[in-house]
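*Asks:* Features from TrEMBL:
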{"type": "TRANSMEM", "residues": "48-67", "note": "transmembrane segment"}
{"type": "TRANSMEM", "residues": "79-98", "note": "transmembrane segment"}
{"type": "TRANSMEM", "residues": "104-124", "note": "transmembrane segment"}
{"type": "TRANSMEM", "residues": "131-150", "note": "transmembrane segment"}
{"type": "TRANSMEM", "residues": "156-173", "note": "transmembrane segment"}
{"type": "TRANSMEM", "residues": "185-206", "note": "transmembrane segment"}
{"type": "TRANSMEM", "residues": "218-236", "note": "transmembrane segment"}
Amino acid sequence: MNAAVPPWMGLILKKRSQVKSEGPKLVPFFKATCVYFVLWLPTSSPSWFSALIKCLPIFCLWVFLLAHGINFLVSHRSASRILAGLIFSAVGDAFLIWQEQGYFIHGLLMFAITHILYSSAFGMKPLDLKAGLLMGVVSSSCYAFLYSYLSGPFTYLVAVYIALIGFMGWRAVAGVQLCNDLWTWTKLSACVGAMLFMVSDLTIALNKFCFPVPYSRFIIMATYYAAQMLIALSAVETRDEEDFRKRS
């Protein structure tokens, strides 16, 4: 007689199959990312073509979410907010192509809006104040280190930006709940994505305001694209997960 499969084990098996099913939809994203790194267009010569190549992987993530259907985006507010965040990210990427021409602050604003949208998508439950305290300490430490290198409007703009991305990181981490076995692969994806986004932005800040970071562009873009992909994946919620929460 075959032993009955526990409900939680069946859910895990379903999650594995769902992760695999999302893979083919991400093929255009991986190809576009490879194009960016293969062409490796010089940042010293900004152009609309270089902006297109840089934004192309993010465009592919738009398509990835849209491929799940308009009804999916309408019925899942978190997914629609992540799509909106990806749209503002692409605009921010375009501004940063011309950051030496004075558009860095414009890019900063676009990504600040992105983090607000992502935070809203991740939600405020569970609250997890311990995770919030940890992210507050990390964010404050980063700003304390950067403070002596900042001047003019960047003194407060960077502070606001760090607060926003730190808040976004808190909401992503809080959703995992590993100890309570309430985590899902989408929540874990959001958590890892948020952490990679913070690594990418911290590298930008160190390289721009403090000192040259070796291989900074590769580190920034590799972690950035990975972060955006994982956050886009986190939008793929399922009824099975909702049913599992009701049974828990």
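Every residue gets a Cβ built from N, Cα and C, even glycine.
On a predicted model such as this, the values are computed, not experimentally measured, just so you know.
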*Asks:* Using a Cβ cut-off of under 8 Å, list the residues of the same chain at least 6 residues beyond the transmembrane segment (79-98) that approach it.
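*Replies:* Counting only partners 6 or more residues beyond its ends, the transmembrane segment (79-98) has Cβ contacts under 8 Å with 43, 46-47, 50-51, 54-55, 58-59, 61-62, 65-66, 68, 72-73, 104, 106-111, 113-115, 117-118, 120-121, 228, 231-232, 234-237.
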*Asks:* How about long-range neighbours of the transmembrane segment (131-150): same chain, 6 or more residues beyond its ends, C-beta under 8 Å?
*Replies:* 158-159, 162-163, 165-167, 169-170, 173-174, 202, 205-206, 209-210
*Asks:* Rank 48-67, 156-173, 218-236 by Cβ pairs under 8 Å to the transmembrane segment (104-124) and hand me the top one.
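*Replies:* Per the Cβ count, the answer is 156-173.
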*Asks:* Any residues 6+ beyond the ends of the transmembrane segment (218-236) with a Cβ under 8 Å from its own?
*Replies:* 18, 22, 26, 29, 33, 36-37, 57-58, 61, 64-65, 68, 76, 78-79, 82-83, 85-86, 89, 118, 121, 186-187, 189-190, 192-197, 199-200, 203-204, 207
